[in-house]
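Per TrEMBL, the feature transmembrane segment maps to 39-56, 136-155, 180-201, 264-282, 302-324. TrEMBL lists 67-128 with the feature domain 'Homeobox'. Annotation source TrEMBL lists DNA-binding region at 69-129. For 131-332, the entry in TrEMBL reads domain 'TLC'. Under the heading compositional bias 'Acidic residues', TrEMBL lists 343-365. If you look up TrEMBL, you'll see 343-369 marked as region 'Disordered'.
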């Protein structure tokens, strides 16, 4: 099995520049060097992250959400109707007008009752604020720890300040223990995110998130195997620098702390735009596209590695556009109306659903209340009419008085 992997997957022509072999990367026995088989440990580590997340969300995040005042809205459970439930699960969560009419005939319901049933059913499936808070809290804790640990391990390294040092002495660059664990931990965490994507809350940029996770996993693995660890640590540090700010803003948003959320969001927006649109292309992509040509000639891995970096940059531009749109709403409307990456079936139509619920409550008022309100309006109208008639009669009488005299 290992020979087959070496023959097809770990061929040095794919991963290393021309003239460089795996033996060239190996150092003396006293120093650690990257090996492709080291990445196999990230899969059980990802399972460990999933288990740790399960415990963290219930032991730490859930009590913290209650302390911060996160409250879930009371939801009305839809009545069990087999035909409607089958349509909901097999066809669509939001039926068209013609489908509503057909379902109304099949179930002997009114059109309004069908619309109400689907609204309650969709509302029941939406993730609760507590669940969203727990997910954001878990990611916030990891990104914050990863950023602080990565910054501490890189702040005194020469390539942190001068990116040309990323290729000094390549490929014989020893791998520090802190950078090894930085790589393995980050890769294991992104594997866990990819494995949990089916159970996590889906957002409007769900497809972009999948692409981001896959590109990140490939870049971390490729840069480790090719011993691009120095440039790889900088890429991870840049991403972690703004991610924990976004997750903290989400936490305060779910807790209802609007001013704190808006302040953190503005800080996040500034950090994101600077790191992803200025630092990343000018320092990272320029280093991998241009400065590497001073060390080795382009090879297969060179094009693949830079292609995935450009994919990440395209995602950065997409998210920057969403962030700038939110900043525009904050500046000109006075608040951030909602997260542009809001949950796919949760926050987008909340206002419409609430208005529909209010209308339904108004329609559920008793006929006696409506009758009383209608009678009062008719009485007032009648009184106005009587007063108008009296006024007209009086004016007519006054107008006739001169003639009588």
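Glycine residues also receive a Cβ, built from the backbone N, Cα and C atoms like all the rest.
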So which of 136-155, 180-201, 302-324 is most in touch with the transmembrane segment (39-56), counting Cβ pairs under 8 Å?
180-201
Write out how many residues of the domain 'Homeobox' (67-128) are helix, how many strand and how many coil, based on DSSP.
36 helix, 0 strand, 26 coil
Predicted model, mean pLDDT over the DNA-binding region (69-129):
79
